[in-house]
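Engineer: Structure incoming, see below.
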Amino acid sequence: MEESFPRGGTRKTHKSKKALQQSVEQDNLFDISTEEESTKRKKSQKGPAKTKKLKIEKRDSSKSTREKFEILSIESLCEGMRILGCVKEVNELELVISLPNGLRGFVQVTEICDAYTKKLNEQVAQEEPLKDLVGLPELFSPGMLVRCVVSSVGITERGKKSVKLSLNPKNVNEVLSAEALKPGMLLTGTVSSLEDHGYLVDIGVSGARAFLPLQKAQEYIRQKNKGAKLKVGQYLNCVIEEVKGNGGVVGLSIVHSEVSTAIATEEQNWTLNNLLPGLVVKAQVQKVTPVGLTLNFLSFFTGLVDFMHLDPKKAGTYFSNQAVRACVLCVHPRTRAVRLSLRPVFLQPGRSLTRLSCQHLGAVLDEVPVQNFFSKAGATFRLKDGALAYARVRSHLSDSKTVFNAEAFKPGNTHKCRVIDYSQMDELALLSLRTSIIEAQYLRYHDIKPGALVEGTVLTVKSYGMLVKVGEQIRGLIPPMHLADILMKNPEKKYRIGDEVKCRVLLCDPEAKKLMMTLKKTLIESKLPAITCYADARPGLQTHGFILRVKDCGCIVKFYNDVQGLVPKHELSAEYVPDPERVFYAGQVVKVVVLNCEPSKERMLLSFKLLGDPKKEHPGQNQKKRRTVSLGQLVDVKVLEKTKDGLEVAVLPHNIPAFLPTPHLSDHVANGPLLYHWLQAGDTLHRVLCLSQSEGRVLLCRKPALVSTVEGGQDPKSFAEIHPGMLLIGFVKSIKDYGVFVQFPSGLSGLAPKAIMSDKFVTSTSDHFVEGQTVVAKVTNVDEEKQRMLLSLRLSDCGLGDLATTSLLLLSQCLEERQGVRSLMSNRDSVLIQTLAEMTPGMVLDLEVQDVLEDGSVAFSEGPVPGLVLRASRYHRAGQEVEPGQKKKVVILNVDMLKLEVHVSLCHDLVNRKAKKLRKGSEYQAIVQHLEESFAVASLVETGHLAAFSLTSHLNDTFRFDSEKLQVGQGVSLTLKTTEPGVTGFLLAVEGPAAKRTVRQTRKDSETVDEDEEADPALVVGAVKKHTLSIGDMVRGTVKSIKPTHVVVTLEDGIIGCIHASHILDDVPVGTSPTAKLKVGKTVTARVIGGRDMKTFKFLPISHPRFIRTIPELSIRPSELEKDGCTALNTHSVRPLEKIKQYQAGQTLICFLKKYNVVKKWLEVEIAPDIRGRIPLLLTSLSFKVLKHPDKKFRIGQALKATVVGPDSSKAFLCLSLIGPHKLEKGEVAMGRVVKVTPKEGLTVSFPFGKIGRVSIFHVSDSYSETPLEDFVPQKVVRCYVLSATGHVLTLSLRSSRTNPETKSKITDPEINSIQDVQEGQLLRGYVKCVQPHGVRFGLGPSVVGLARYPHVSQYSPSKKALFNRYLPEGKLLTAKVLRLNRQKNLVELSFLPSDTGKPDVFPASLGLPLLKQEEREMEAEEKEHKEEEQKEEKEKKNQKRKGKRKQQGQEEVQLPGKEKTELQKPQAEKQGKRRRPESASEQDRVNKKQKEAAPSEEDDSGVEVYYREGEEEGEEMSVLPKEKPTRPAEVPRLQLSSGFVWDVGLDSLTPALPPRGESSDSEDEDKPQQSTQKKSKKERMLEKQKAEKELSRIEEALMDPGRQPESADDFDRLLLSSPNSSILWLQYMAFHLQATEIEKARAVAERALKTISFREEQEKLNVWVALLNLENMYGSQESLTKVFERAVQYNEPLKVFLHLADIYTKSEKFQEAGELYNRMLKRFRQEKAVWIKYGAFLLRRGQAGASHRVMQRALECLPNKEHVDVIAKFAQLEFQLGDAERAKAIFENTLSTYPKRTDVWSVYIDMTIKHGSQKEVRDIFERVIHLSLAPKRMKFFFKRYLDYEKQHGTEKDVQAVKAKALEYVEAKSSLLED
């Protein structure tokens, strides 16, 4: 049997089963004590033996009437019962838990878990709060489901039963053993500690350690824990992920998806012994009864579901064998009865309950019907809303516990009851039928408000006050001070237990269940208003309070709810009170008047000087008192006068002066100025709000939104009332670049930063809001301390409900205000104004046309009223032909009440409205007819009625991008809100979604549409008309209007046609405007050449169905009119891009200027109706004057002759030029723009179409200057000559001799482009490049550099080289004489001597430097020449040897002086992505900046070199160290880092900054165009080959020189190829990048190093890790440092990494982080003495000697005994060095007394004393040592040390004494041996 049924509950004998059944039958209930047996289900088995044992006899059903399921009561709970609960309340020291069936229990703070209790004890012991211990309110929140175990059921003092519970996993899960743990099990546990990679979780199973990895906790931490780490004691629902070691180690997960789907399965081997509440199981309904179900689950177990725990949605639909999911609620430990719940909320573990209270709490309900009655538990009732409620049998069904009539609770009977509580577990209201409870004044602490009068019964009188029972569960305290008006000595004589007393509530805190009351008669009987919050304290209010404290400065008076104020000394009495403490006493009841109150700061000033007797007061004082206007008050005002910013008004009735600013007249920005204009002195305004008072000036506001906010009391008065998420209405106070300040009616204000000001992108804040505008703001952040808040004005945050409703509200408000303006106007005397006031939109008038204006609009005559202006815009003329004097019917669209104009329309549909019934709420199509600032007027297409709709749907919605703005003539979809026009004349409507707008004209950039046509109503109206024209038809018409690039023609049938400027003349003279040839009204004959679609602006083929609705495109060219057929425009819808491909680059054509685009700096032109072009400004002229003012040179409509440059690939435009083909080839002159100025180097210039060129400083002008680039700034237009066009970057010259050769300007400084341009003896000017050890390098041209050796630099001989740098800075302009030339080797030798140049010496005579003798100069020069010759011969020999070994390289090398200049061979990886550029000699316009740092080679001194740059700044010039420097071995030395590679921020210790690189050219031949191109002879070719070989060998030698320092990324890469494992090289490489502050590159180098260095080289790798840690510490964030550290720990010995990081922290003075790290190390490496010693040293350095001593003690506890002596000695050593020398000695003495033979400790002691002690102390120690009985060898060592010491510090006598003692020792030893 065991094999078949390996699990299940304890098996009972048949006898006990029968006994149980008999008891059940007697009562026919599941009695509490004999709870439902969880029986095993019957299984039909084949073997009879098996059946017999398992069979459970069915109950005899004849006797039982019906099975009732009793529900839980306190009596049925027993110790050890496991039960599921829900946190109801969280207090500091206990949790209140809601249990099933309306029960409740309590969990003490010590019953959470052992780790939490331990922390609590620690906190109590050290009497100060622990940092990592958090309170229960942070660990638990109401609604959390928890698994509890009943620890006891006790009786309280008041005789009530109380259930004590425990959440400790040790108690809850003690039924589980480690072996029983299986993956997938759902357990609860608490966090017991935080580790490096996760958390240790206490699951209470003995022998099992549970670990929760960090990654499994991340989601929970992020979503549920708001990103905070888990705390000790935090309660978790965990799923077992894996079980190792037979349950010894358990891995957990708290991922929500895994927890919520966890189901208890049979594989997990649950038994009735260890079944836990909260498990979700799959079950099957066994039996259905009216009051519950029996379920079958986990194959063998049976459980009950009572009626409270059925799924409310499925109740009544359950049937036998139905499969359900259920949650275990509780398991009875003795009877093994299992209760389950089917409520969906329990079926997802880990979810909190959301419904935590019910709205009827405290309500008394009449006639509530009984639903069901349970004799042992209670009754259920059905509430009016259909919800169930429940009342307990003993405590709440009757007034008496003994007398109880069960008959009264038959189903259907009704009772009066009160809702007293809510059971979260059952989602049921709990009722009471007891009369005392129903009639109780207060049921909960929440019902009691401060200041209320309450009656109660005295419970007890204690020293701390009197306890009074106020309600069933409510007790209050009356402190001794408050027992009477005066202090009572013996209160117990006056008050007896059981007395009824009437009190007033001082303070009630429902959360803490704290109620304080007073019995002071004056306070109880006071009829004055009570102050319960600071907002109640209005100035002038009189009230009663009591004195809390008396101080020298005055009295502190307290009111209700902890509100208090100060009565300053001068307000204590009319007479001066010198000593308030003698006159007043604490507890005294006083009457005070409020002087002033600041609710936001919780400050109040009071006075005892009451203003009670009016006779005594001065009349002036009285007036003053009455005259104040309080903030937030609504007043009526009278306008006195208008000022610039608003209205000066008087507040009625006392005529207090005040000011009402214009923006505060209305919520609508546009209506403020309107109201201001029409209000006049004497007008009265009602319901105006007082906003603020400052310096006697009252500021008012009439904004309806603010007035209603204040009236409704929704305006917070202080910061304390403001919480994030609140929506507040205020106004814009000021606008800054960074945001908008918003003020609220109470005076509080906040900032809406630019980022959250709008959902749209904010370019400028002032575009979005105006000062004074009403806005809705959402509070996002509150800083009460600084009294600041941040607000959001985004529409998405500040929604005020339905957009349509808000939109309608804003519209009706706006129109109402305009109606108010009309009534103001009708009161004026002027006839004109009264007439305007009577004119309403929609009125139809008969008017006479006065004039047709130039812009196409129509003005009508004023009729009987002089000055009346009526006007119809060109659009509203609706294409009608009108003539002055003609009578026309018009309809009024709107009246402009500021400009006094009436806008009318001639549109036929509007004038003749159709009488059609409109339906409210229906959607109609409409056309926008008129736009105002805040609303628009549209006409319904169906009927012609005018409707107004708001353009905004929110107060903050004021900004529109141009694309969102409505246009007149656009179609919109409107929903009507009224069907009859009211007084405003409009129907009110709301606009539908913007997607339903139909555009009158949409224009795509690529299509050929005229912008003016867009706004041309004539075209629109014409477009609606159909026509029957086809391409080629001849038509006649009259010119209607003339535009620069086209003419609009009205054809005979009223159809509108269009003639493009290109179709007027056959030959257009350049500079004329063809459209000017035609006049308005002229009749023309034209031919139709196309039809343009009004929607897409494309020309349609005639076959297109929409062709009949197109605008005909016409031509009146004579050539077109003569021939029969004509070429049609684009008859097949060809894309514009393809159209422009017919034009070839270089082709010339005529185009017509449409406009000058200032932003994009180009001219927009049209070539044909369907082809457009652009002319970049730089291609319009070579004259600076034209480019500065193109609008003066080019007229709109003018015909221009242009050259096609090519199509603009992105758009369908042709790119044109007015200055011929734009070819940037050698010798061309072009206009460009400066984009970059590089000091001392030159300019970068850009041309149209993305070409870039460079100008060297030698080509900026024909005459060099000291500051050649000072006139150039980015965007300056320059005229350039192209010197060379090879490669991507052009080489340019700005010399006027090149750009304007005809001017024949004087050339002061000729061009030197190559060494061929230099002649010996020539005087040339140039710029100093750099000063080098052997001379001064001097730039003569872009690529020619000469050398002036020191003897030729100056006639003086300066002692300091610094003078050279000072007087010859880079870029200094000098004159030099060419002494010698070597064209083969490209060397130029120069002289700056005054005797050669005729210019002053480079050093001023004032310096007084010694002169250099002529002989010295010559000798120096000769010596150098000899050396050179010898070295060259040697080198040539070597080169001959190498010749055979070398292959020709792919890139030819340029000749360089000696070994010096060479292009580094870059590693392939770096070259990718950098394009190789062909080079030319003239392109070398940039010379090395910092060659000062590059050391020269020996032979470099003879002069010039020509070298070539590659690309912008890609190459790097290299120089080789002089021979004298020590050479570096081939393998770079390794670096041993003892304590971390430290970079201080200055990085001084690292390699100096490296100069930019010079480059070699691809070919030198380009530089020598004069070389013959004839075929070379064989001999010549051989010589050339030898020459190339020599050059290669020289370069290779330079690269192989071991003494050469790396100076560029390439150098490092090359060195690293040979020594990839050298960490010192890698670190230098990182430092090289850091010097250039390229942090990312340095990081990348470190990462490369870690990948490259061999895994065997642990120390080398560690060095790089330490450097990376240093880098992140200095330049990275804490997060990036942590990431690197965690990786480093994984890849290296963790201890080393920890120690290095601690050192790094210490050195960068991050002591807190260092301390935290050491603490982590002590946990993790407690067996490592190095860690303890390091930490001790750290603490001593920080001056924390005490802490260091404690660390030593801890170290000795943790480390094995054999280490103790070493540790003590080390700590003593540290004390000597860093701490107290006396203490150090004491430690040594102590150690040596225990271990006298430890010579190592003696030795250290001696060393330390020599360093830090006196000579006497040292000698004393030596004396002690030499008298020890140690091994002779050791004694010899100490004698030798003693002797050395005396030799160094003592006299000859001392030395002799030591020798004598040594002799003595030897003799003593030898005599012993003889014995």
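Positions of Cβ are set from backbone N, Cα and C atoms, glycine also.
Just so you know, TrEMBL annotations are computer predictions that nobody has curated.
Feature list, courtesy of TrEMBL:
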- 1-59: region 'Disordered' (REGION)
- 9-18: compositional bias 'Basic residues' (COMPBIAS)
- 40-56: compositional bias 'Basic residues' (COMPBIAS)
- 80-168: domain 'S1 motif' (DOMAIN)
- 184-255: domain 'S1 motif' (DOMAIN)
- 278-343: domain 'S1 motif' (DOMAIN)
- 451-520: domain 'S1 motif' (DOMAIN)
- 540-609: domain 'S1 motif' (DOMAIN)
- 632-703: domain 'S1 motif' (DOMAIN)
- 725-794: domain 'S1 motif' (DOMAIN)
- 1032-1105: domain 'S1 motif' (DOMAIN)
- 1146-1219: domain 'S1 motif' (DOMAIN)
- 1227-1295: domain 'S1 motif' (DOMAIN)
- 1321-1393: domain 'S1 motif' (DOMAIN)
- 1416-1532: region 'Disordered' (REGION)
- 1423-1437: compositional bias 'Basic and acidic residues' (COMPBIAS)
- 1438-1448: compositional bias 'Basic residues' (COMPBIAS)
- 1458-1495: compositional bias 'Basic and acidic residues' (COMPBIAS)
- 1547-1590: region 'Disordered' (REGION)
- 1580-1590: compositional bias 'Basic and acidic residues' (COMPBIAS)
Engineer: DSSP says what for the domain 'S1 motif' (1146-1219): how many helix, strand, coil residues?
Structural biologist: 12 helix, 38 strand, 24 coil
Engineer: Count the CB pairs under 8 A between the domain 'S1 motif' (278-343) and each of 80-168, 184-255, 451-520, 1032-1105, 1321-1393, then give me the winner.
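Structural biologist: By Cβ pairs under 8 Å, 80-168 leads among 80-168, 184-255, 451-520, 1032-1105, 1321-1393.
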Engineer: Per DSSP, what is the residue tally for the domain 'S1 motif' (540-609) in helix, strand and coil?
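Structural biologist: Secondary-structure breakdown of the domain 'S1 motif' (540-609): 10 helix, 35 strand, 25 coil.
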Engineer: From the DSSP assignment alone, can you count helix, strand and coil residues within the domain 'S1 motif' (451-520)?
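Structural biologist: DSSP composition of the domain 'S1 motif' (451-520): 7 helix, 34 strand, 29 coil.
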Engineer: Per DSSP, what is the residue count of the domain 'S1 motif' (1227-1295) in each of helix, strand and coil?
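Structural biologist: Taking the domain 'S1 motif' (1227-1295) as a whole: 6 helix, 33 strand, 30 coil.
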Engineer: Mean pLDDT over the domain 'S1 motif' (80-168): what is the value?
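Structural biologist: Summing pLDDT over the domain 'S1 motif' (80-168) and dividing by its length gives 90.
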Engineer: DSSP helix, strand and coil counts for the domain 'S1 motif' (632-703)?
Structural biologist: 12 helix, 37 strand, 23 coil
Engineer: Go ahead and report the DSSP secondary structure tallies for the domain 'S1 motif' (1321-1393): helix first, then strand, then coil.
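Structural biologist: With helix first, then strand, then coil, the domain 'S1 motif' (1321-1393) has 9 helix, 39 strand, 25 coil.
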